[in-house]
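Peer 1: So Swiss-Prot has the following annotated:
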SIGNAL    1-36  signal peptide
CARBOHYD  Asn119  N-linked glycosylation site
CARBOHYD  Asn147  N-linked glycosylation site
CARBOHYD  Asn152  N-linked glycosylation site
BINDING   Glu161, Asp163, Asp170, His175  Mn(2+) binding site
BINDING   Asp163, Asn167, Asp170  Ca(2+) binding site
Amino acid sequence: ANSNSRPHLLQTQKPFSVVLAISITFYLLLLNKVNSEEALSFTFTKFVSNQDELLLQGDALVSSKGELQLTRVENGQPIPHSVGRALYSDPVHIWDSSTGSVASFVTSFTFVVEAPNENKTADGIAFFLAPPDTQVQSLGGFLGLFNSSVYNSSNQILAVEFDTFSNSWDPTARHIGIDVNSIESTRTATWGWRNGEVAIVLITYVAPAETLIASLTYPSSQTSYILSAAVDLKSILPEWVRVGFSAATGRSAGYVETHDVLSWSFTSTLETGNSGAKQNNAHLASYALI
């Protein structure tokens, strides 16, 4: 991969209160913008079978508990060689070539990764944006998103991964990473995965500041993990994308886990705003990271 073209990231572990303050700041920043050109918003507090708003790929299904079960479970146990994805059915207008404007977005979701053996976990789950016709890719460490670890701008994929297995292109520990057109993350932060516990994720993109922030919090321990990146969506994604989740289990027997999404909300707003508003928003975004 061309590391020189990849964004700088802030990686840290912060108390829950700090993450909450940052999250609220960015959420309000997005919602208080004016001159909206297009907006898309949806919320799933639970999921139901045959839901028109969802496109399920691979092994993904809605469980009897109303959860998005991305990888296969047989007789109560996760199995290897499984990959599944779930996407929102309506494409998102993420940027406009006629005006040059780029959408801001915020998404929040809860998920659980549970493994029978804490010493044999694989492979992880990701939230991603990709072209509307995106299909399942390779399983295992590629998380159903890519077929190679080589950076390729034609992939047109932006993802935030929650990775439980160390592949050859990964750091040596479980981690959170931001992926730009490659499964080899641009930067990573160590993730203290907690087996079977609910994680709360907030991912925000503030277009005027070209800033992407991802945070994961375990309420049970008030432990949080944060990544921040400068990301130019126009250089990565097509104008229209689909958003969703992808997950995969390991290729070897025993290296398995469940990947269940419990709830999900998403809001995007494509703005026309003036330059002064953009400067003010960019300043606020920068200030929130100090």
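Glycine residues also receive a Cβ, built from the backbone N, Cα and C atoms like all the rest.
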Peer 1: Of all the glycosylation sites given, Asn119, Asn147, Asn152, which has the fewest Cβ neighbours within 10 Å once its own Cβ is left out?
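Peer 2: Per-residue Cβ counts within 10 Å for the glycosylation sites Asn119, Asn147, Asn152 bottom out at Asn119.
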Peer 1: Relative to the Cα of Glu161 (Mn(2+) binding site), which of the glycosylation sites Asn119, Asn147, Asn152 have a Cα no more than 10 Å away?
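Peer 2: So the list is empty; none.
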Peer 1: What's the CA-CA gap between His175 (Mn(2+) binding site) and Asn152 (N-linked glycosylation site) in angstrom, rounded?
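Peer 2: Roughly 22 Å, rounded to the nearest whole number.
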Peer 1: In the structure shown, which of the binding-site residues Glu161, Asp163, Asp170 has the fewest Cβ neighbours within 10 Å?
Peer 2: Asp170
Peer 1: On a C-alpha basis, identify the one among Asn119, Asn147, Asn152 that is nearest to Asp163 (Mn(2+) binding site); the candidates are the glycosylation sites.
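Peer 2: The smallest Cα gap between Asp163 (Mn(2+) binding site) and any of the glycosylation sites is with Asn119.
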Peer 1: Identify which of the binding-site residues Asn167, His175 has its Cβ surrounded by the largest number of other Cβ atoms within 10 Å, counting every protein chain shown.
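Peer 2: Of Asn167, His175, the one with the most crowded Cβ is His175.
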Peer 1: Between Asn167 (Ca(2+) binding site) and Asn152 (N-linked glycosylation site), find the distance joining the two CA atoms and give it rounded to the nearest Å.
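Peer 2: Each residue's Cα considered, Asn167 (Ca(2+) binding site) and Asn152 (N-linked glycosylation site) end up 19 Å apart.
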Peer 1: Should His175 (Mn(2+) binding site) be counted as helix, strand, or coil on the basis of DSSP?
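Peer 2: For His175 (Mn(2+) binding site) - judged by DSSP and reduced to three states - the answer is strand.
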Peer 1: On a C-alpha basis, identify the one among Asn147, Asn152, Asp170 that is nearest to Asn119 (N-linked glycosylation site); the candidates are the recorded positions.
Peer 2: Asp170
